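Here TrEMBL flags 83-108, 114-135, 172-193, 199-218, 251-272, 278-299, 311-335 as transmembrane segment.
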Amino acid sequence: MNTLVTGAAFGAALTASGVYQPSVIVSQLKFENWHMMQAFLTATASSAALVHLLQTFSPHGSFPLPPRSFSTISLFSRYDGNLLGGLLLGTGMMLSGACPGTVLAQIGTGVPSGFYALQGGIIGGIVYTGFLGPWTARRNAAAKAEAKARGQEEKEVTKTVYENLGVSKSSVLMAFEAICASVVVSTALWTSVGPEAKIAPWVGGLCIAGAQLLSLLLRKNLVGTSTSFEEVGDWFWGIFKGKTLPQRYNNLLFVSGAVLGAKLLTVAYPALGQVTEVAVSPVAAGLGGFLMIIGSRIAGGCTSGHGISGISLLSTSSFLTIGAAFGAGALLGLLRG
């Protein structure tokens with residue numbers, strides 16, 4: 001029940017903020033308005049502050065939230081999975097006008113392109129679980145065996161930005177909060193947003209952070225959505241091959257709650273479900289959905305798991321993944337005009 005309630009809060013927050021709308025995502029990646037970035041940075045900065053406060057003032061061990069580890073496919077760097085996965089994630093976002101989290105709100109509010117993006121995402125989860133995931137595991141195992149045969153010991157990897165920079169956590173957190181605040185305030189003062197903003201984007205960001213707080217209090221865990229598509233793949237292959245079905249379903253319960261939360265909020269407040277039309281064809285939405293799930297699973301997280309949650313832990317892998325995603329999406333937006 002806690003997982004379902006938390007998912008509903010997250011879906012409702014995405015809907016209230018307006019960032020679920022394809023027009024908001026596409027226009028942000030084209031830098032036509034800053035609605036999405038204002039909400040995203042507010043949610044992420046607020047989540048980072050909440051995590052820090054809970055870990056600092058709660059009893060020892062109450063919130064064991066380790067930073068996100070790196071994702072690798074053993075091509076050129078321990079972070080190559082984060083970078084390549086982020087590139088695919090951002091490309092998929094630009095094509096579909098969705099991300100693994102917002103597509104759930106799109107389903108709840110009845111956005112037509114969201115259904116095609118969801119279908120593409122489900123296929124992506126099946127392909128990753130059946131083929132790409134096992135291939136990556138084999139590559140990484142072979143790379144470790146080869147390094148061991150050469151006598152190379154596996155070094156302990158620093159996972160956070162402050163560890164890599166050799167500075168204190170508080171200094172990096174304060175710098176991050178200041179950067180986020182300056183971007184949000186400056187864009188709010190000097191740029192305009194579209195009709196999708198029923199509430200101020202930064203207020204929407206605080207709503208998303210509120211859902212994050214609820215997740216921390218009820219589940220002792222941060223929000224994330226793309227793993228649910230991998231769970232769908234696990235179930236698909238379990239049924240297809242006649243094997244024992246997987247026992248995990250918590251992420252599926254969370255995303256089901258997100259769809260329900262978005263639906264209930266738009267029933268209560270229909271204005272929040274008024275969608276600004278943007279040209280997203282079924283093919284583009286389906287292909288984008290496929291790419292964003294493949295990318296997010298290669299990277300080990302999406303714009304919620306790596307973006308809002310991973311960055312709040314100051315994880316190096318999360319900054320690289322989201323940076324690659326926004327870079328790829330912006331580049332494609334520039335090329336498409």
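Think of each number as a place in line: the chain as shown, counted from 1.
Glycine is no exception: its Cβ is also placed from the backbone N, Cα and C atoms.
Just so you know, TrEMBL annotations are computer predictions that nobody has curated.
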Next on the checklist: Between the transmembrane segment (83-108) and the transmembrane segment (311-335), are there three or more CB pairs that fall under 8 A, provided the residues in each pair are separated by 6 or more in sequence?
Outcome noted: yes
Checklist entry - Taking residues 6+ outside the transmembrane segment (278-299), which of them lie with a CB under 8 Å of any CB in it? => result 21-23, 26-27, 71, 73, 81-82, 84-100, 103, 113-114, 116-125, 127-128, 132-133, 136, 226-227, 229-230, 305-306, 317, 321, 325
Item to check | Folded-back contacts onto the transmembrane segment (251-272), same chain, C-beta under 8 angstroms, at least six residues removed | outcome: 3-16, 18, 20, 101, 104-109, 198, 223-225, 227-228, 231-232
